[in-house]
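Student: Pasting the feature list from TrEMBL:
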type: TRANSMEM; residues: 12-35; note: transmembrane segment
type: TRANSMEM; residues: 41-60; note: transmembrane segment
type: TRANSMEM; residues: 67-85; note: transmembrane segment
type: TRANSMEM; residues: 91-111; note: transmembrane segment
type: TRANSMEM; residues: 118-137; note: transmembrane segment
type: TRANSMEM; residues: 157-176; note: transmembrane segment
type: TRANSMEM; residues: 207-229; note: transmembrane segment
type: TRANSMEM; residues: 286-306; note: transmembrane segment
Amino acid sequence: MLFRKLKTYSFIPAVILFLVFLILNSVLSPTFFTISSLSGFFGTYAPLVVLAVGETFVLVGGGIDISLGATVSVVNVLLVTLWGLHWSLSLAIVVSMLAGTAIGVVNGLLISVLKVTPLLATFATSAMGYGAALWIMPTPGGTIATGFANWYSSNYGWFPVAAIFIVLPYVIWAIWRRTRWGTYLFAVGKNEEKSFASGAPVIRVKIFSYVLAAFMASIAGMILTANIVSGDATIGSPDTLSAIAAPVIGGVSLLGGIGDAGGAIFGALFLGLVVNTVFASQVSTFYQSLLTGSIILLGIVITTLIKRLTSMNSRKVVG
């Protein structure tokens, strides 16, 4: 019964890890649950949450995208640059997000039409994206509208504005999941050949998954810009692998066809809490990265082992 529930709700291990580190944070940092502290936490890690959900669209469809970090960088530097050229904020956001989403279109066409391996295709567009970002802004700098930055870091009463971007990605996922395109996405991820034979528009489904991922990365780039209030061509690099690790911790299969954005969100928040916990524990800066990486690896191992146990148990029941 337990294994059946774990297989159905693959995000449960991520929720448990999240709760454990939430408790640790509250113990190590008594002010963690204050409005200002939560607002800062959500403001810092909402971009990763959005990225993780974007990556989930691709992973569920049987692909992988390592260009999302580059997309974030492109949106960041373009938004700051256009604002510096006295564009209106709304127009700068729209153009920047369109540029970021265009990277997803290129990925989708390379992978679905030209049949380039997802890892190689997104590696190439990632390199091009970072190159373009560096061309636009060779050195970090610039600024963004003060009102935009203040809005992102503000609260509606006790509710942090940044928390909207924790909820919004799941809303987008839930709406997509309930359409026939969501059904197609899972079917393609489980078995592309059978999906094609049954009449599913495989090429369009795969293209849409990469476009959606890039669109989510563009949102992440926009809110990250509001958070750091400047431009940096390498700003998306640290989150490239974290955006993949978070869904995996959240129970999304790297083989496709299995997963939920809820797990990706809890996985991303878990990664954020790990960093907070290590920092709050006052570990020497020389060992912080080592400890953080070790904890994340442990989280991945735990969720992977649980998935294997549930899979083995399911085969025994069937047998």
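Cβ atoms here come from the backbone N, Cα and C positions, even for glycine.
Predicted, not measured: the structure shown is a model, and the values here were computed from it.
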Student: List, by number or range, the same-chain residues at least 6 past the transmembrane segment (157-176) whose CB is under 8 A from its CB atoms?
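Tutor: Same-chain contacts beyond the ends: 35, 38-39, 42-43, 46-47, 49-50, 53-54, 56-57, 151, 182, 185, 212, 216, 219, 223, 227, 260-262, 265, 269.
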Student: Report the listed stretch (12-35, 41-60, 91-111, 207-229, 286-306) having the maximum count of Cβ pairs within less than 8 Å of the transmembrane segment (67-85).
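Tutor: It is 207-229 that shares the most Cβ pairs under 8 Å with the transmembrane segment (67-85).
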Student: Kindly say whether the transmembrane segment (41-60) and the transmembrane segment (207-229) touch, using the definition of 3 or more Cβ pairs under 8 Å where each pair is 6 or more positions apart.
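Tutor: They do touch: at least three Cβ pairs between the two stretches lie under 8 Å.
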Student: Using a Cβ cut-off of under 8 Å, list the residues of the same chain at least 6 residues beyond the transmembrane segment (118-137) that approach it.
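Tutor: Distant contacts of the transmembrane segment (118-137): 58, 63-67, 69-71, 73-74, 76-78, 80-81, 103, 106-107, 110-111, 231-234, 237, 240.
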Student: Between the transmembrane segment (207-229) and the stretches 12-35, 91-111, 286-306, work out which stretch tops the count of Cβ pairs under 8 Å.
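Tutor: Answer is 91-111, with the largest number of Cβ pairs below 8 Å.
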